[in-house]
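*Asks:* Sharing the features that Swiss-Prot gives for it:
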- 48-71: DNA-binding region (DNA_BIND)
- 99-122: DNA-binding region (DNA_BIND)
- 1-11: compositional bias 'Basic residues' (COMPBIAS)
- 319-328: compositional bias 'Polar residues' (COMPBIAS)
- 20-71: domain 'HTH myb-type 1' (DOMAIN)
- 72-126: domain 'HTH myb-type 2' (DOMAIN)
- 1-23: region 'Disordered' (REGION)
- 309-328: region 'Disordered' (REGION)
- 8-15: motif 'Nuclear localization signal 1' (MOTIF)
- 151-158: motif 'Nuclear localization signal 2' (MOTIF)
Amino acid sequence: MEDTKKKKKKNINNNQDSKKKERHIVTWSQEEDVILREQITLHGTENWAIIASKFKDKSTRQCRRRWYTYLNSDFKRGGWSPEEDMLLCEAQRVFGNRWTEIAKVVSGRTDNAVKNRFTTLCKKRAKHEAMTKDSNSNTKRMLFLDGISTPRKSENETPIAKKLKRSHILDLTEISNYGRAEACVNQQIRSPFSVLARNATGIDSLEEQNQTSNVNESDGEGMFLKKDDPKVTALMQQAELLSSLAQKVNADNTEQSMENAWKVLQDFLNKGKENDLFRYGIPDIDFKIEEFKDLIEDLRSGYEDNQLSWRQPDLHDSPASSEYSSGSTIMVDQSGDKTQPFSADTQTEHKQVGEELLVPKNPDENMPISGEEKFSSPIQVTPLFRSLADGIPSPQFSESERSFLLKTLGIESSSPCPSANPSKPPPCKRVLLHSL
């Protein structure tokens, strides 16, 4: 077996040596170059067989290469320009490896030069791609190694450094995801319950509130009506009148009481139209007597349905709500430091009773406050008529007495009663309103 292998190796080496010996280097003398130029001028560059027959040991291929490579002065020698490289690549894409046809397209270059240049370009391209692959793999490897080594470094860091690094990462995420991060923050931050919609009378009133208010909207706080705002006065008077008339009609349950209540309401509305104070009132107040009857029925049904729930004790009574059920001569201010007599706050008490009537529609909208203070949080409110006792008798009043009492209580006139004595206990306003 070993002998056969040795023999095969010897035969291969002998064949290679024979091929090397057969390889003949073609040399051209000056006489042969002169003969080649003369034959080309006679026969041109198309009849290489006739030209090669004039030589003893030259083939057609050797003659053609000698002419195009060394003797022809029209062909370029030296480096290739980028334009020639682009033209060569496009021609090779069209003609393939037909170098003679490609040489006709690339002017000034022989077929052999075109072939050699294309192989050189292919080698450069392959080398460049190999280098880019190696560089990409190296960068990926470095990133992978860095990703593995970073936790080891973070273990040795102090907690302060870790917090700084985490905050830095959060900043980067906020910069990259600016819109989404801001949207998420806006969704998470919840506005307090005290921020209420300002729905007074439209755009004009909103602009007036924005100009006269001292509250800065940039702080995220809501804007509310002041205690002495004319809108509050108008709404309170309307609410008190409607409630008192409905209770009176409900108590009498006669057509005469309905007509009297309707007359009082018409007089009040006519005065309200003439007075600028009531321009903030209810916009659709011009209703008919049938609608007034429906309103009374609604108030009657609502009062009967909610009477039991209003009598239930409230576990979270606020100091402001406890003032409604008290009959003392002194009203406690919310600040807890000052007391005032009742006669000085008659109009304030009217507004508080009206606010109590409006609470079931929007409990957070209008709450009694002191001075120029504005609402900052929702307050627990005692339900309507919770403090009324069933045993209080309902006195009977004539028409003149009833109108006098209405004027005294400030329903037709916003000024307090001048004859009120601050040293005496106040009249039972709730009983009077209930009876009216």
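Backbone N, Cα and C define each Cβ position, glycine as well.
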*Asks:* Quick one: DSSP breakdown of the DNA-binding region (99-122) into helix, strand and coil?
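*Replies:* Helix, strand, coil within the DNA-binding region (99-122): 19 helix, 0 strand, 5 coil.
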*Asks:* What is the number of residues in the DNA-binding region (48-71) that are helix, strand and coil, as DSSP sees it?
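*Replies:* Output for the DNA-binding region (48-71) reads 17 helix, 0 strand, 7 coil.
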*Asks:* How does the model score the DNA-binding region (48-71) in terms of mean pLDDT?
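*Replies:* Summing pLDDT over the DNA-binding region (48-71) and dividing by its length gives 84.
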